[in-house]
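Novice: Next up is a structure, given as structure tokens.
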There are 2 protein chains.
Amino acid sequence: MSTSVSPLAPKTFATLPPLRGVRMATAEAGIKYKNRTDVLMMVFDGPAAAAGVFTRSRCSSAPVDFCRRNLAGGVARAVVVNSGNANAFTGRKGRAATELTASSAAAAVGCAESEVFLASTGVIGEPLDATKFSGVLSDMNLRATEDFWFEAAKAIMTTDTYPKVATRTAEIAGVTVTINGIAKGAGMIAPDMATMLSFVVTDAALSAPVLQELLSKGVGPSFNSVTVDSDTSTSDTLMLFATGAAEADGQAPITDVANEALDGFRLALNDLLKDLALQVVRDGEGARKMVAVTVEGAESDAAAKRVALSIANSPLVKTAVAGEDANWGRVVMAVGKSGEVADRDRLEIWFGDVRVAVDGERDPDYSEADASAVMKQQDIAVRVNLNLGSGHATVYTCDLTKEYVEINGDYRS
Amino acid sequence: MSTSVSPLAPKTFATLPPLRGVRMATAEAGIKYKNRTDVLMMVFDGPAAAAGVFTRSRCSSAPVDFCRRNLAGGVARAVVVNSGNANAFTGRKGRAATELTASSAAAAVGCAESEVFLASTGVIGEPLDATKFSGVLSDMNLRATEDFWFEAAKAIMTTDTYPKVATRTAEIAGVTVTINGIAKGAGMIAPDMATMLSFVVTDAALSAPVLQELLSKGVGPSFNSVTVDSDTSTSDTLMLFATGAAEADGQAPITDVANEALDGFRLALNDLLKDLALQVVRDGEGARKMVAVTVEGAESDAAAKRVALSIANSPLVKTAVAGEDANWGRVVMAVGKSGEVADRDRLEIWFGDVRVAVDGERDPDYSEADASAVMKQQDIAVRVNLNLGSGHATVYTCDLTKEYVEINGDYRS
């Protein structure tokens, strides 16, 4: 874990209100870290609707496999998350660890194992000794409290330099509901899925299929549009739960995603997902600058996104940003290597408000001083217009610094 | 340009013999660098057969466009290469610069402009003042000499820390022929094509279509199997010329690539291409270690190559190598994110001779000390067996160090 906080960290953290129907507790199980919490347990008072999006890695972790199976039921009573060990590529031992954890959680809470969800983050390939925390789950269930979101976010950190939290409210047919979310992630961050763990809970009364559809759509412009290092983790997990507590205030349960009463909720959820995703980028390992890469004028939105990711993942673009160098030639290179249709002689490129290239060459009005001034900022917008169609997309990344190399050159030791 | 030579540089350089039918000269045109040569001119005494492979970038440079057009003729009389400016993304000015250079070279040598080939390497997006060297081409033609290969390699360097040269001989139906090659490249190196410039010349008598077929096949396991930073340049150019001088020794010209008399030549050429390609990797910007990534047991050779590139391009794998950390969990991650079919529970992974993972988990006999000893070496072999089929591939890369970030964070200034 890093000792200094990212210079891109939020200046203040959102205060997450208690959310009816879910309680949390954390514990120090000593899985890898000393003197800090490394296990989080979320307990739902009743059956909560559950939805999830997971890594597309072909080598997904044991907890991801476990969650995918249980998601078919669509009901959650408990979530157990640990940091320090990803329980990934741990074979039969990994499966046994998930089973032990699930049975311990189910016994503690009094629910079925199919109502338990698990996530692990940390080193890959080391067997996880689940007995370290399975024994404390009963106690955690008794201690769990509603007003515990910030502590929950802290317990799931690995190389994160700050906890990631966000909260929103929305109205559903006149009833105010709340959405709280926490996330972790700093490296091994790329689509798809957004290499990290995130747990979002609402007190709204929504069916599991509605939740799933909202989440699957919402992840596109948020967690699936951020990249730190193009490396996709084996453990990426984003889950959304609905406790349904707002039913007591008169919110009629929603089971149809097309219901217009959901419009405000959808906006609030998408906004919260983007907030959390950007917090992950802003904590990118070694990051000193945040970069928003927008591609317009592509043949389709999907093509725009591929070009944007080619730019955002280019080591040469990212090191140029680190060096505050307005090296738009590398942006041209990254457009060219994306494989998408591009006409060199139609390209326009901006850094911030400074157009640096137009019609296949340097902008005649280009000012090195103006472009350099943009590069000195902490948040940098790179915009490319392919001038071919109407497809557009924005992805978010950070610069590539010596600190990234330092953090990742000796992570295990 | 770097001041210290890569620790992975060859201990000695091959001595390239004069090659009948081609002469070379270099000059200091002051395009970007001071007090070093930055222009190379190759002159063929008679019409040489020509073949080429170029970048797949959609934003290829003006010289690449120019070469592609002229390659249709299949005949070369002159090659002009400059370093310091890539003449890429320079619009109409860029096309004008290629035309001026070609007409100057044609006038100097006394050939058609369609028999001139051009390459430029260096900064992208800056207009190239071709008058700087077009005026010296006549003089260079007069000065050009056969015994000049090493100087030629030096003139085309940019961030290279050493010149790349290789030579081979082969027999074609009892006649000994020679192949000489030079290359440049250190960053912005990735398939396809092998982000660099390379010029290979033989005195064998081979038709242009035969040369092209040999080159297109030979590039697969050589230049298209190396990656420094996954960034594909706009200027990648690999050309192969045959002066045909060996005809004077009785070598009957070969016009059919299936001719068995070519077998020895093909082997020698492929060996030379691989030699040059590996020299490029060993000069990777900031590189301290060379990594050969072999993937076996894939569904196809193409699938194996995609998995191998996913591993070789992973920033987390490359920083782990830099840190001498036997972090095979990141290899699992990179296999998983490749998108190719993989069965976690069949994966085997080796560092050198040390099997670290088998059957979806850590090898029971795994020794951290043995694996660490492998990582301390300068040349590291990473091997993955997917145990699904018989597809295999090897790609070559280097580690990702703080020096890479340093070199690329301030390249333009």
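Here the Cβ of each residue, glycine as well, is placed from N, Cα and C on the backbone.
As annotated in TrEMBL:
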BINDING   A:Thr158, A:Lys184, A:Thr195, A:Glu285, A:Asn408, A:Ser413  substrate binding site
ACT_SITE  A:Thr195  active site, nucleophile
Novice: Name the binding-site residues, out of A:Thr158, A:Lys184, A:Glu285, A:Asn408, that lie close to chain B, meaning a Cβ-Cβ distance under 8 Å, keeping sequence order and answering 'none' if none do.
Specialist: A:Asn408
Novice: Reduce the DSSP letter at A:Asn408 (substrate binding site) to three states and note it down.
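Specialist: Assignment for A:Asn408 (substrate binding site) reads helix.
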Novice: Pick from A:Thr158, A:Asn408: which of these binding-site residues has the biggest number of other Cβ atoms within 10 Å of its Cβ?
Specialist: A:Asn408
Novice: Determine the Cβ neighbour count for A:Lys184 (substrate binding site): the number of other Cβ atoms within 10 Å of its Cβ.
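Specialist: Its Cβ has 27 other Cβ atoms within 10 Å.
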Novice: State the count of C-beta atoms found within 10 angstroms of the C-beta of A:Glu285 (substrate binding site), not counting that atom itself.
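Specialist: Total other Cβ atoms inside 10 Å, all chains included: 29.
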